[in-house]
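S.K.: So that we are looking at the same thing, I have put the structure below in structure tokens.
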């Protein structure tokens, strides 16, 4: 069977599965629509959280990024996992005890202020749209490469599927679909990784193969070889970085804190029955995430060695390779050339391809293809290629659904029910939630088809905003019971204002100046959220000192959320 | 009130904070410490095919993160039981 037919079959089967689950798990009330009735098993919730979190970017792009960045790729690996420790220890149990539906709910009630609620709603909606546009694009790319339909058709199919199970099932439908999607995506990620690890090093586990010696009998360690190849070709040594230490520190911190502050991640911990389940669920979620995140850097290293050796020719003796003739190029090079993601420019007219980090380089290889082309680079069977396509789509769909739900909840619950139309019935609210989800999908689809040029730029924005606004406000809301509305609001505004100004200046107003010499203390726009967070804390504390502390009943509320049981439920909604 | 008295309540919260601080310290040391600030120093030590600092940055810290959350879960469940505030 050829690759395309197999891809149709496997992707089609996965879609049928998602739809079947959606029909089975329809939501009947707002409680089910927003938080799946609060009755999800912690392990299932952990899987769903993992699928929700790991987006098209984690699945498709991350290993490729690391492959080209070497050591510096650690900012993503540490940043996107370390945030869960903060979540589990400092946020999840308390927010679960608080027992409301959304992050703006917490901010609004804890700081007894509609202004605070509104600021939080706007941030939540902005962060989610930023993200979801990228996901829809991811679906489009996978469809167009593997099923050879055009991107528009691909995006529309993706929209239709997400629409179906988000609008019908709400959080309940999404949670159980995400469990299935996690299984599909992790299987699809691991199969090629294991195959390649065995081929290159003889180790079944990519995590140990990463640090093993090569299977060709030379006794050279994989990373040693990669360091050697890299320096020989004019790149930096793979295992050491090029970014400044303080910048790496700040980017990692911004991504960690941003992760812990992202509304679509936090909301997952409202879906489990008890406080102790929230703790457990965070542990399982990180375990499921770690399976992919510890495999990714191994794939990155294997893929880089494979790619360099395919293009430049294998290192046989002491002599450095001079390139593979284009006429003998493997089919993956020509396949991906069609998509424009690989290109070859025969500068020295010798008919051979050559890849390097200096003036001899003749190749352009897009980072995003590393995971998708990996099975082809390693000559794996056709069904593995089809599986990777299904996995990429699962990753994109699961994340989009989670984000769309936050958008619809923010509109129907935080904006309408808690703000503009407090008297609407549960049925009406549910109707508005579905309507908002539907509209959000259409808008996201539009951005998927016509991606604004700044999608990649605004990702830094999403994390920076979450890090500099939500995270400090929630932390102080739990651990400083006297913190008041004025302190929290001015802190959020100062944090966001500072972070946004820095990013907008370097990314949009004056991109030419975006070099390390001009950065404050050498901190790049990607890492500035960490500084913005400190600004938020500092401003909040100063303003707090100058104004009246939170009223007694709010302090009592904070007391209550600190204990799993006892002094009554935090809220009877 | 599930706590026996106000003292117990304060003690529970103190123990919770102490545990949290300890675990966050480990969290900081393995990621920001070993993986970033001390990476060059640790890279002089070789662990199989890995330089140690590089290993912490791209593998080791993540394993520790997972362990930290499960330790927190286990210890907190014990604490809840000891103070009679576990949910059952």
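Even glycines carry a Cβ here, placed using N, Cα and C.
From TrEMBL, for reference:
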TRANSMEM  A:6-25  transmembrane segment
TRANSMEM  A:74-95  transmembrane segment
TRANSMEM  A:116-134  transmembrane segment
TRANSMEM  A:146-167  transmembrane segment
TRANSMEM  A:179-200  transmembrane segment
TRANSMEM  A:246-270  transmembrane segment
TRANSMEM  A:282-303  transmembrane segment
TRANSMEM  A:380-409  transmembrane segment
TRANSMEM  A:430-448  transmembrane segment
TRANSMEM  A:454-475  transmembrane segment
TRANSMEM  A:487-508  transmembrane segment
TRANSMEM  A:528-544  transmembrane segment
S.K.: Other than its close neighbours in sequence, what residues sit by the transmembrane segment (A:116-134), given a CB gap under 8 Å and a spacing of at least six beyond its ends?
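M.R.: Cβ under 8 Å, 6 or more out: 55-57, 102-105, 107-108, 262-264, 399-400, 403-404, 406-407, 410-411, 414-415, 418-419, 440, 443-444, 447-448, 451-452, 455, 458-459, 461-462, 465-466, 469-470, 473, 485, 488-489, 492-493, 496.
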S.K.: At an 8 Å Cβ cut-off, counting only pairs 6 or more apart in sequence, do the transmembrane segment (A:74-95) and the transmembrane segment (A:282-303) clear the bar of 3 or more pairs?
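M.R.: Since 3 or more Cβ pairs under 8 Å link them, the transmembrane segment (A:74-95) and the transmembrane segment (A:282-303) do come into contact.
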S.K.: Have the transmembrane segment (A:179-200) and the transmembrane segment (A:487-508) got at least three CB pairs under 8 Å, pairs 6 or more apart in sequence?
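M.R.: No, since the transmembrane segment (A:179-200) and the transmembrane segment (A:487-508) share fewer than 3 Cβ pairs closer than 8 Å, they do not count as touching.
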S.K.: Is the transmembrane segment (A:487-508) in contact with the transmembrane segment (A:146-167), using at least 3 Cβ pairs under 8 Å (sequence separation of 6 or more) as the test?
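M.R.: These two segments do not touch.
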S.K.: Give residue numbers and ranges for long-range contacts of the transmembrane segment (A:380-409): same chain, 6 or more residues beyond its ends, CB-CB under 8 A.
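M.R.: For the transmembrane segment (A:380-409), the far contacts come to 1-3, 6-7, 9-11, 14, 18, 34, 51-56, 58-60, 101-102, 124-125, 128-129, 131-132, 135-136, 138-139, 142-143, 145-147, 158, 161-162, 165-166, 170-171, 174, 177-178, 181-182, 184-189, 191-192, 195-196, 263-264, 267-268, 371-372, 374, 433-434, 436-437, 440-441, 444.
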S.K.: Which listed range (A:6-25, A:430-448, A:487-508, A:528-544) shows the maximal number of Cβ pairs under 8 Å with respect to the transmembrane segment (A:246-270)?
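M.R.: Looking at each of A:6-25, A:430-448, A:487-508, A:528-544 in turn, the most contacts to the transmembrane segment (A:246-270) are made by A:528-544.
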